[in-house]
Amino acid sequence: MPELPEVETVVRSLAPLVGRRIATAEFRNLRILRGGDPDLMSARLAGRKILSIKRYGKFIVAVIEGGGHLMIHLGMTGKLLLGGPSGKHTHAVLTFDRGTLLFDDSRQFGCIEYSEEFPKRVARLGPEPMEISFEDFAADLKRRKTRIKSLLLNQTFIRGVGNIYADEALFRAGIHPQALTSRIRIERARKLYDAIGEVLTEAIEAGGSSISDYVDAEGRSGFFQFSHRVYQRTGEPCLNCKTPIRRVIVTQRSSHFCPHCQKR
């Protein structure tokens with residue numbers, strides 16, 4: 001699933017659409033729509049300009065002329081593509097005076113929602129991990145009673161971090177994914193806070209991680225996958241100590257870690 005760095009990269013590649021007017025909007029698959037009639041959505045979008053496109057965690061929100069909001073979540077395999085031919089997995093097409101924007105999703109876990117108000121699903125998210133202060137981060141971490149990997153995946157704690165970057169940040173901070181939040185002292189919390197910011201920044205600079213079929217809106221792959229230190233490296237030697245990387249299940253998700261470098 002595209003996480004914060006991948007979605008941020010997509011949003012940046014969509015910048016040419018800001019200020020452009022939507023000529024037509026076609027929604028071909030009701031499964032990806034959330035609470036909206038396709039004909040009504042098309043009518044509300046046609047003829048209106050896109051005023052801004054921003055990322056909120058893993059969500060994309062385009063503000064539409066007249067006060068509307070178009071929310072998009074890429075799910076597992078969703079793609080937003082500028083131009084190119086429409087295919088069997090193309091579920092929505094926005095046509096502009098010049099060019100098109102396609103929403104492709106082979107597994108159909110992504111979604112599109114139009115609303116006049118700011119999307120409630122987005123409003124319920126926690127703060128951006130690179131905007132929250134350390135004091136607020138540490139205070140909320142202390143209040144939670146769970147395993148640290150589970151907390152990092154909880155989008156009400158901080159938004160946008162998923163399996164890849166939780167594993168990578170925990171490794172850099174030297175914290176075991178099954179460590180209890182109640183046992184993480186302030187010094188280790190600081191290391192984790194810094195590690196989250198560092199790994200997300202580096203991943204954005206690299207265009208994200210293209211592990212399966214992720215590309216940005218221009219069709220470009222990311223290359224941060226070549227910098228992963230633990231994610232999907234089960235059995236390979238730790239880059240710090242040569243101990244084989246291990247995999248455990250936390251909150252029904254695979255977690256990759258070094259048993260020597262990461263402590264509970």
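Backbone N, Cα and C atoms are what each Cβ position is placed from, and that goes for glycine too.
The annotation active site, schiff-base intermediate with DNA is assigned in Swiss-Prot to Pro2. Under the heading active site, proton donor, Swiss-Prot lists Glu3, Lys58, Arg253. Residues or ranges marked as DNA binding site in Swiss-Prot (evidence: sequence analysis): His89, Arg107, Arg144. If you look up Swiss-Prot, you'll see 229-263 marked as zinc finger.
Features per Swiss-Prot, on structure.
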residue : record                                         : DSSP class
Pro2    : active site, schiff-base intermediate with DNA : coil
Lys58   : active site, proton donor                      : coil
His89   : DNA binding site                               : coil
Arg107  : DNA binding site                               : coil
Arg144  : DNA binding site                               : coil
Arg253  : active site, proton donor                      : strand
Run through the Cβ atoms and count how many others sit within 10 Å of the one on Glu3 (active site, proton donor). 22
List the recorded positions among Lys58, His89, Arg107, Arg144, Arg253 whose C-alpha is within 10 Å of the C-alpha of Pro2 (active site, schiff-base intermediate with DNA), in sequence order, or say none. Lys58
Just to be sure I understand the packing, how many Cβ atoms besides its own are within 10 Å of the Cβ of Arg144 (DNA binding site)? 16
Far apart in sequence but close in space: which same-chain residues, 6 or more away, have a Cβ under 8 Å from Lys58 (active site, proton donor)? Met1, Pro2, Glu3, Leu4, Val7, His73, Leu74, Gln155, Arg159, Gly160, Gly162
DSSP residue counts for the zinc finger (229-263), split into helix, strand and coil: 0 helix, 13 strand, 22 coil
Largest inter-residue Cα distance among His89, Arg107, Arg144 [record-listed DNA binders, Å]: 40
Using a 10 Å radius around each Cβ and all protein chains in view, which of these recorded positions has the most neighbours: Arg107, Arg253? Arg253
